[in-house]
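Below: one structure, written as structure tokens.
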């Protein structure tokens, strides 16, 4: 696509997606909770750290390969779990999985994805992880775990930061819920993007096939809408996590950790890693940015378990900063979502190419020959330096 040839940073894809998608859909993807302060802080916090590069290291082109849960990956990146991707790109889940395979990195399927576990299992040849929301219906949850195992998913991620949905005011103004429902108030916005609307009419509204048991008579999103939020287990606790640990014999990660003591408890629960995340600023507004929580959690677990990072990645240099602060790898969500909405497989591939090239360039400029050579000595906390001055 000619448009993609003029993309030089991942933010370019957000602008393309904004033009192509109806406002309620774009706002659902882009928005955060309440005043969206945490959403903004997730990005702004990266500017708190400046580089102190090593010079004349003679290291040449850096090696981007990384070990993610004991297996080599093409770079220290995981495609983050995302729900309702099908509203932006009908086959978006499959395309993101296939692009992840192309780059030799893991792809994560969300419980609320527009595509079933079985479809991803059959269409994505590379590494597959599954993200699980705790559900009140334990039989349904156990069934999802079993389906993921049967379809070749190697890692289970349990998201624990949704005891209640965040107040996302963009969605309230747009009369937009998850799953999406068409109402008199939002219909005009959908009609304003005729190419998008025609494609939706041709294929039909995406559902949530992994949760179709909540509406046995139909898999359409509209029939699921009253049930999905009510089915999330708002009282989920450590005993529930222990129950999941017994049901899943592969690597188990816990996503939504911002406190060192909670990270410690996941170790005692037998989990295999944590993901430092505030749900992309979509849950608790004015919560701390994810990057601000990373170093303390890494220090607390002290090498006993890998710590992954999720939140605000928009540059390859952001990936490098998270790795310097101790992350074993980073999850990338919105940039890839915008990429697949803007240009399908080619768009998502272009996003990963940009991030990979920026990461490589940053490492070379900093004198880091491999991802293992990225450490805190390469960063200066500019806020701390200013305070000391």
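The count begins at 1 with the first shown residue.
From the backbone N, Cα and C atoms, a Cβ is placed for every residue, glycine too.
TrEMBL does not curate its annotations; it predicts them automatically.
If you look up TrEMBL, you'll see 279 marked as active site, proton acceptor. The feature FMN binding site is assigned by TrEMBL to 81-83, 110, 131, 159, 255, 277, 310-314, 333-334. What TrEMBL lists as glyoxylate binding site is 133, 168, 279, 282. Per TrEMBL, domain 'FMN hydroxy acid dehydrogenase' is recorded for 2-384.
Site extent for glyoxylate: among the recorded binding residues 133, 168, 279, 282, the largest C-alpha separation is 19 Å. Here is what falls inside 10 Å of the CA of residue 310 (FMN binding site) among the recorded positions 133, 168, 279, 282: 279.
Counting every protein chain shown, 21 other Cβ atoms lie within 10 Å of the Cβ of residue 282 (glyoxylate binding site). Sequence-distant neighbours of residue 168 (glyoxylate binding site): residues of the same chain at least 6 apart with a C-beta under 8 Å from its C-beta are 28, 31, 32, 33, 34, 282. A 10 Å cutoff on Cβ-Cβ distances gives residue 83 (FMN binding site) a total of 22 other Cβ atoms nearby, all chains included.
Each residue in the domain 'FMN hydroxy acid dehydrogenase' (2-384) has a pLDDT score, and their mean in this model is 94. Sequence-distant contacts of residue 131 (FMN binding site), defined by Cβ-Cβ distance under 8 angstroms and a gap of at least six in the same chain, are 81, 108, 109, 110, 111, 156, 157, 158, 159, 255. In this structure, residue 334 (FMN binding site) is part of a helix by DSSP. It is 314, among the binding-site residues 255, 314, whose Cβ has the fewest other Cβ atoms within 10 Å in the structure shown. Sequence-distant neighbours of residue 334 (FMN binding site): residues of the same chain at least 6 apart with a C-beta under 8 Å from its C-beta are 14, 29, 30, 280.
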